[in-house]
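This is the structure, below, for whatever I ask next.
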Amino acid sequence: MESEQLFNRGYYRNSYNSITSASSDEELLDGAGVIMDFHTTEDDNLLDGDASPGSNYAMSNGGGGVSSSTHLLDLLEEPIPGVGTYDDFHTIDWVREKCKDRERHRKINSKKKESAWEFTKSLYDAWSGWLVVTLTGLASGALAGLIDIAADWMNDLKEGVCLSAMWFNHEQCCWGSNETTFAERDKCPQWKTWAELILGQAEGPGSYIMNYFMYTYWALAFAFLAVCLVKVFAPYACGSGIPEIKTILSGFIIRGYLGKWTLMIKTITLVLAVASGLSLGKEGPLVHVACCCGNIFSYLFPKYSKNEAKKREVLSAASAAGVSVAFGAPIGGVLFSLEEVSYYFPLKTLWRSFFAALVAAFVLRSINPFGNSRLVLFYVEYHTPWYLFELFPFILLGVFGGLWGAFFIRANIAWCRRRKSTRFGKYPVLEVITVAAITAIVAFPNPYTRQNTSELIKELFTDCGPLESSQLCQYRSQMNGSQAYPDEPNVPATPGVYSAMWQLCLALIFKIIMTIFTFGLKVPSGLFIPSMAIGAIAGRIVGIAVEQLAYYHHDWFLFKEWCEVGADCITPGLYAMVGAAACLGGVTRMTVSLVVIVFELTGGLEYIVPLMAAVMTSKWVGDAFGREGIYEAHIRLNGYPFLDSKEEFTHTTLAREVMRPRRNDPPLAVLTQDDLTVEELQAVINETSYNGFPVIVSKESQRLVGFALRRDITIAIENARRKQEGIMLNSRVYFTQHAPTLPADSPRPLKLRSILDMSPFTVTDHTPMEIVVDIFRKLGLRQCLVTHNGNVLGIITKKNILEHLEELKQHVEPLAPSWYYHKKRYPPSYGPDGKPRPRVHHVQLVRSFSQEEEEEEVEVSEEEVRLLDGTTH
């Protein structure tokens, strides 16, 4: 398969038979997919479904052909296999799923006193939630430890190899050496660079060129292998995964995105992508890996495998475990799941998320992948206080983080959108190789870009001390020779520090540019670490600048008032940490969870105020340019059916202005409750592409009875033909409790009441859209019917709401005065002659007026409900 066919596809609907076809892993969810294309292939539309006339929904003729000899009175009163499930790229019905779970729970409670076995089953059901999150935490911690160890080893493989033990990375190789020095602690006889192995020399131009070449070679090899594995085996393994996980947690179905192949390939390619040196991190994809574990383990328990809403509780806990192992922050992981990714987060999910994060962190701590008894590489501790005047540079770092976040979101979204419209975007393998080559070639000369990004953050976070040999600390360790600290609290920087600052400035520019083009490649790519690295570089530069300012102008009021004699006044590492939090907050717009994550990294309550000030400032500055974070922007770019609860709906439109059908649309397709035949029902299904149908009393009465889904009707009819005798094309279909009176020679009727939703959500035509949007957000609805005096007028789906919100964003028009929406919009129940208007077959929205009504109601809206006579159709 060519890369264009694999990586560039729009959303489409699978046919009904797609649930038994090949896995959807064969196609890639492109990170720069359709841009809010609601007009053709939006995935959550109850009216614009995937079935088209003549599609696989068509049923075979020959109603007399019976495949079973059973004589059950009404087999459809039993649960029908397949009814209540969902197709790929559809949205679940949260209300129905919760009702199914309550019914299951009542059934278990009613039987648990009948026998010891039933009581055991009830205990198993009650504890299955804790078991699945325990397994998820264990797997997440183990995989995170494996990824950390493998990524460190492969990252050092670009520079050399340990001859004494090939499986040791550079640091581990020199642990047992007695020939290392303080200044050159990373050099030991056991570790050989590629120049030493190939050329036999460690210094000189030839050695530098050989190391340069091998560094670039390994970077390209790792990147090429990663993108090929993603392309061939699991296209869903690319990207961060958090935008898709947010969409899945909101109720969207993406088959295969959390499957076993995706888990396996993402784990392998994440190691390769990080080791290639691309400007990406593994923290975001670890959330995807943890959610894959949660999804796989949920299939071991019927309570979660058969209920999509309950399964999403497990995925919320799994996302908390992913952040817990990514940053070593269990509490921050729970808050991240609550604040950033979860759509439905009940109290019991909070407890289970906390337990899953605890188990995952415990397993990772037991593995100890970094050899420092910490969960992350860049764990730091500060022992010096901060002073009030430092709030000003902290806030400046917050401003920088907000500006960086706004710039990155716009630039990255623009590039992802352009990727779809250029030939370069049609060749993802070539794109990854190109970006990896540029990254490796530019990064190698600068020591701060050559090293692993996590190690860079560790060096920037670390405070200078007697055990630090970094170039950033030369002004301390080389002042008095053997004396680690001079007598003065703040000392002048040596040329080595200024040289390091210039290198950091170049590294900052390099990271900013490459991160924009890297995020969205067809390899696993996280955004946490690159954003933190950019903020840490900026913060360290600001911290050193403030420190030198305090030395050369120690008699200024601020420094004289706050800096104590004989004590360190400025901690540059603290500025790096605050800058990292500010930049990450500017990109993701996280607040509480981000502060807690960074707090758990430092282990000090003392620095909560600087972190809060910087994070809130970055959010305010970023929101001034746009309220969307990077994940919401990618969700919107891909056209996922996601209603963001953070958005505010301030327009005064009404439900009737958003509902379907609209102008020139065909009439609303409805089903009657007891006067349809199987043949007529098949004709409605085959001739329309709607995914659901309102059921009304009769053609004369448009009163609403319920709502039936297309998929459920199709499955029920096919199931009845296989298992019931006498179901023919002219069999009567009824949705009522009791069968209608039929002639003696009539074929056996088909009862479909068991698939009918008797309590669909309805709103009146004058309901403000603000309320309708809140209902969809808080209840997770798929559709909502619009009625007028109990008669069905139309339907509103999630697609219609997203389309309406997008139209309002793109075409902001002056709002009509409030009195406009309180005018009478529909004709009265009685005509001009005082007689009741007749009840007829269909309800239709008509945009044209007759001359008489135009004279009588000139100011009435264009949309008017007409009760048309059946002969006019």
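Every residue gets a Cβ built from N, Cα and C, even glycine.
No curator has checked TrEMBL annotations; they are predicted automatically.
Annotations per TrEMBL:
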COMPBIAS  851-862  compositional bias 'Acidic residues'
COMPBIAS  863-873  compositional bias 'Basic and acidic residues'
DOMAIN    659-725  domain 'CBS'
DOMAIN    756-815  domain 'CBS'
REGION    849-873  region 'Disordered'
TRANSMEM  127-147  transmembrane segment
TRANSMEM  217-237  transmembrane segment
TRANSMEM  257-278  transmembrane segment
TRANSMEM  285-302  transmembrane segment
TRANSMEM  314-338  transmembrane segment
TRANSMEM  387-409  transmembrane segment
TRANSMEM  429-448  transmembrane segment
TRANSMEM  500-521  transmembrane segment
TRANSMEM  533-554  transmembrane segment
TRANSMEM  574-599  transmembrane segment
Looking only at residues six or more beyond either end of the transmembrane segment (217-237), which have a C-beta under 8 A from one in the stretch?
3, 6-7, 25-29, 154, 157-158, 244, 254, 256-257, 259, 261-262, 264-266, 268-269, 272-273, 275-278, 428-429, 432-433, 435-437, 439-440, 521-524
Which range out of 127-147, 257-278, 429-448, 500-521, 574-599 gives the transmembrane segment (387-409) the most CB pairs under 8 Å?
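Out of the listed stretches, 574-599 contacts the transmembrane segment (387-409) most.
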Over the span of the domain 'CBS' (756-815), count residues by DSSP class, listing helix, strand and coil in order.
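Its residues divide into 24 helix, 18 strand, 18 coil.
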Go through the chain and flag residues at least 6 beyond the ends of the transmembrane segment (285-302) whose CB is under 8 A from any CB in it; none is fine as an answer.
128, 131-133, 135-136, 139-140, 143-144, 147, 240-242, 244-245, 248, 258-260, 262-263, 266-267, 270, 311, 314-315, 317-319, 321-323, 325-326, 341, 360, 524-526
Against which stretches of its own chain does the transmembrane segment (314-338) lie, if we need a Cβ under 8 Å and a gap of at least six residues from its ends?
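Beyond its ends, the transmembrane segment (314-338) has Cβ neighbours at 129, 132-133, 136-137, 140-141, 144-145, 245, 248-249, 258, 282-284, 286-291, 293-295, 297-298, 304, 344-345, 349-350, 352-361, 363-364, 374-376, 379, 528, 590, 592-594, 596-597, 599-601.
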Over the span of the domain 'CBS' (659-725), count residues by DSSP class, listing helix, strand and coil in order.
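The composition, in the requested order, is 24 helix, 17 strand, 26 coil.
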Considering only Cβ pairs under 8 Å, which range in 257-278, 500-521, 574-599 makes the most contacts with the transmembrane segment (429-448)?
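Between the stretches 257-278, 500-521, 574-599, 500-521 has the largest tally.
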